[in-house]
Amino acid sequence: MGSNVSSVHDVHSSMEITSNGFVVEIESRRQWKSLFDSMKGSNKLLVIDFTAVWCGPCKAMEPRVREIASKYSEAVFARVDVDRLMDVAGTYRAITLPAFVFVKRGEEIDRVVGAKPDELVKKIEQHRV
């Protein structure tokens, strides 16, 4: 039976801000800083999806995250590969994956750890306004 989480310790673009439900793939520190800085002054919900190419539960969640992002287009969804942007992952202590961190005005307000789509939707509903 598979697990709904992986641990970072298990294995050692263009920026389209989403008003239409896309997930922004964060590919560089500069891109991350640009997105993060633009969200600091906003009451808009930022959902950071911490993932890795080797994370099975992350891959399983990817289509669900895209589906959820399309439903909640008032939130911004950003995917961060923990191996590519280790400093960002470290800032948010994204050790067990997938990890979904909810941020408003530059501050973490909640998180969901693991492949738990129902819990993810519940937290988005709770924090989107």
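Placement of Cβ uses the backbone N, Cα and C atoms for every residue, glycine included.
Residues or ranges marked as domain 'Thioredoxin' in Swiss-Prot: 6-129. Residues annotated as site 'Deprotonates C-terminal active site Cys' in Swiss-Prot: ASP49. The active site, nucleophile feature in Swiss-Prot is assigned to CYS55, CYS58. If you look up Swiss-Prot, you'll see CYS55-CYS58 marked as disulfide bond. Positions annotated as site 'Contributes to redox potential value' by Swiss-Prot, on the basis of similarity to another entry: GLY56, PRO57.
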Subject >> Surrounding CB atoms that lie within 10 Å of the CB of PRO57 (site 'Contributes to redox potential value'), all protein chains >> reply: 18
Original post:
Which residue counts does DSSP yield for the domain 'Thioredoxin' (6-129) in the helix, strand and coil classes, in that order?
Top reply: 48 helix, 33 strand, 43 coil
Original post:
10 Å Cβ neighbour count around GLY56 (site 'Contributes to redox potential value')?
Top reply: 16
